[in-house]
Amino acid sequence: MMNETNVNTETKKVNETKTEILDFIKMVLICFVLVFLCVKFFFRPITVSGSSMYPTLEDQEFGFSNVFAGLTSEIERFDVVVVQDEKTGDDLWVKRVIGLPGEEIEYFDDQLYINGKPVEEPFLNKAYMETQIGDRNYGNTFTHDVEPIVLGEDEYFLLGDNRPVSRDSRAAGIGPFKRSSIISKNVLVLYPFDKIGMVSNDE
């Protein structure tokens, strides 16, 4: 009788252990699914690579970009967005929206013109611009002159804030980006810790 009781007790413990393990596995799987859904549809982790958005974003800064807003909300001028290379489907670039569909974009002597009218860019750091313009490697302008270009109905003109080193819509092999290339917008910097905060469209 005692032996049967001991066997039943041991069997019960084994079953309870199996149940706990299965519950743990289920919890882990649910967590993975939730993380996947968050990354896929809500927040995409990004690590800034290079200095094309300096000083707004610096090399190796880490944060999240809003996928849901990038897919569903209207893209506005000066939004900071994450775009995917249409050719490779792999490379992710962080750029700023300068021109919207149907607009004529032109740069002359560091001045942005949209449909022939001058538009200020408050996010550009003028002190930093002056140091770059003073460097003989960059010539006399921070943003190289751009001949007038009229964007198509589904085209966006994107530039990096660090104009002398950024590869962006000015390059012949790149040009304007399609709306489908914009996979998220806005960037919340989480690291380094002294830079924690949201990058707004006016800084």
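Each position is counted from 1, following the chain as shown.
Cβ from N, Cα, C; glycine included.
According to TrEMBL, the domain 'Peptidase S26' annotation covers 22-190. The average pLDDT computed for the domain 'Peptidase S26' (22-190) is 87.
Residues or ranges marked as transmembrane segment by TrEMBL: 24-43.
The active site feature in TrEMBL is assigned to Ser52 (among others). Residues within less than 8 Å, Cβ to Cβ, of Ser52 (active site) and separated from it by at least 6 positions along the same chain comprise Trp93, Val94, Lys95, Gly160, Asp161, Asn162, Val165, Ser166, Arg167, Asp168.
Look at TrEMBL and you will find Lys95 (among others) tagged as active site. DSSP assigns Lys95 (active site) to a strand segment in the three-state reduction.
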